[in-house]
Amino acid sequence: MDCDGVLWRGKTIIPGVVETLNLLRNMGKRLIFVTNNSTKTRALIQKKIQSFGIQCNQEEIFGSAYAAAVYLKSINFNKHVYVVGEESIASEMKDLGIKYRGVSEHAYIPKSVDEVADSLNPDPEVEAVVCGLDSRVSYPKIAYAHYYLTKNKNCVFLATNTDSYLPVHGKTLPGAGSIVSSLRTSTGREPIVLGKPAITLMELIIKSTGINPSRTCMVGDRLDTDILFGNEGGLKYTLLVLTGVVHEWSQDQTIIPSHIIPSLGDIASFFKAHL
């Protein structure tokens with residue numbers, strides 16, 4: 001299941017969610033938390049989930065920053081990775097023994113493009129670029145990533161996710177996809193996407209957890225990431241909740257969930273009323 005918009009909105013838990021998750025666990029159901037938020041490590045995501053009184057361990061959490069690190073580890077990557085993103089991505093890399101550059105290293109505003117060109121000092125050990133949401137994105141960061149991706153055709157290009165926007169405190173802000181698109185445009189290269197709805201992430205989850213897709217339901221509040229992830233990932237069921245990005249169902253939607261409910265918290269209420 002997704003987190004923001006499904007379990008909580010901002011800092012507020014959605015009513016009935018804790019009761020629903022406790023009910024599902026008591027019924028012997030496995031819970032897996034999947035988020036495209038690359039600005040949080042698994043440890044931070046776990047801390048937030050537990051702060052609401054929800055039981056979970058890190059092995060049940062799959063964030064896009066973690067997925068990027070796991071992917072590089074899976075291909076036996078032993079060089080340096082250049083990170084356009086937050087400290088969370090660097091932290092997940094470090095935890096898996098992957099050396100990195102970037103993050104805050106080139107987060108400055110240059111006086112001119114000439115300054116950027118003249119000061120460019122690439123690391124010959126960099127053979128991968130990971131791009132995610134970056135609140136301190138800068139022209140020098142993009143320039144370094146561009147250099148690595150164009151000078152070495154074998155340089156691995158990863159995107160934590162390609163969300164076009166994200167909801168924050170009742171507003172929408174540019175998502176990681178807006179930053180990824182700048183590198184896609186400048187280099188002409190397509191990244192390997194690790195976040196929802198990418199099949200790469202589904203394969204990672206299935207391999208790590210051993211879940212049976214025919215007995216699994218994806219719960220989410222967004223059609224183009226969560227529900228599409230479940231549909232294209234081969235899960236038998238997808239459940240759209242109307243507590244996040246999608247507030248009401250429209251019959252002209254092209255991405256169709258198998259089920260729709262107003263809120264995940266309604267499941268606990270339903271069982272209390274009918275059992």
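Every residue gets a Cβ built from N, Cα and C, even glycine.
Here's what TrEMBL has on this protein:
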- Asp2: active site, nucleophile (ACT_SITE)
- Asp4: active site, proton donor (ACT_SITE)
- Asp2, Asp4, Asp221: Mg(2+) binding site (BINDING)
- Lys196: substrate binding site (BINDING)
Cβ neighbour count within 10 Å of Asp221 (Mg(2+) binding site): 27
Cβ atoms near Lys196 (substrate binding site) (within 10 Å, other residues, all chains): 29
Assigned conformation of Asp4 (active site, proton donor) - DSSP reduced to three states: strand
